[in-house]
Amino acid sequence: MGMLEQRIQRHFFDSADLKNQAAEVLSKPIADAVQAVLGCITAGGKVLACGNGGSASDAQHFAAEFVGRFERERPGLAAIALNTDTSIITALGNDYDFSAIYAKQVQALGNPGDVLLAITTSGNSANVVAAVDAAHDKDMTVIALTGRGGGKLGARLTETDVHICVPHERTARIQEVHILAIHCLCDAVDVQLLGEQDLT
């Protein structure tokens, strides 16, 4: 086997090792996140999601699977990725500051009882941290997907929030667990709404 193949395999092995470790420490906060989301949507609320770069893609991924479906047919669930409207983002970034692009949307769209899914691998993304502050001002629950100890965002969370913090320092590995956590969240919400289905 060549060095390149060995390096590629190392990525797979490292990712698998982290996921096994994360299964032990993240199952409880993910289950708590499921309950927070269920309480929100069954009361007629919605989930707002945000992030930057790969985390923005994860926010869109989550919203697509909530509004559409995950693996089973069901009515759409209310979710909005705040990073998808380029007109709003560029207007807010230009007229205010890039750190305000999500907080302003939370102020405009969020209601008490809604949930903010805040995704940042470092926990230090200024615009995501500002969105968390705005969500608290609107009496929303925050579900934070972070890594590296949670950063500034972790320090802002309250007792009613949920912190899903991946125990790793490397961005790529954290992102890989984030998308698995999102899939676990989507699956568990479906199970609670539709009943059990075998994992095959």
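Each residue, glycine too, has its Cβ placed from N, Cα and C.
Feature annotations, reproduced from Swiss-Prot:
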- N52, G53, G54, E65, N94, D95, T120, T121, S122, S125, Q175: substrate binding site (BINDING)
- H61, E65, Q175, H183: Zn(2+) binding site (BINDING)
- 37-199: domain 'SIS' (DOMAIN)
Rounded distance in angstrom between the Cα atoms of G54 (substrate binding site) and E65 (Zn(2+) binding site): 17
Between H183 (Zn(2+) binding site) and N94 (substrate binding site), find the distance joining the two CA atoms and give it rounded to the nearest Å. 34
Give me the count of other Cβ atoms within 10 A of the Cβ belonging to E65 (Zn(2+) binding site). 20
Using Cα coordinates, what distance in whole Å links N52 (substrate binding site) and H61 (Zn(2+) binding site)? 13
Residue pair N94 (substrate binding site), H61 (Zn(2+) binding site) - Cα distance, angstrom, rounded: 26
Check T120 (substrate binding site) against DSSP and tell me helix, strand or coil, would you? coil
With the cut-off set at 10 Å between Cβ atoms, which of these binding-site residues ends up with the most neighbours? Options: N52, N94, T120, S122, Q175. T120
For H61 (Zn(2+) binding site), nearby residues of its own chain (Cβ under 8 Å, 6 or more apart in sequence): I179, I182
Summarise the model's confidence over the domain 'SIS' (37-199) as a mean pLDDT value. 98
Select the closest residue to E65 (Zn(2+) binding site) from the following binding-site residues, measuring between CA atoms: T120, S122, Q175. Q175
Which of the three DSSP states, helix, strand or coil, fits N52 (substrate binding site)? coil
For H183 (Zn(2+) binding site), the number of other Cβ atoms found within 10 Å of its own Cβ: 15
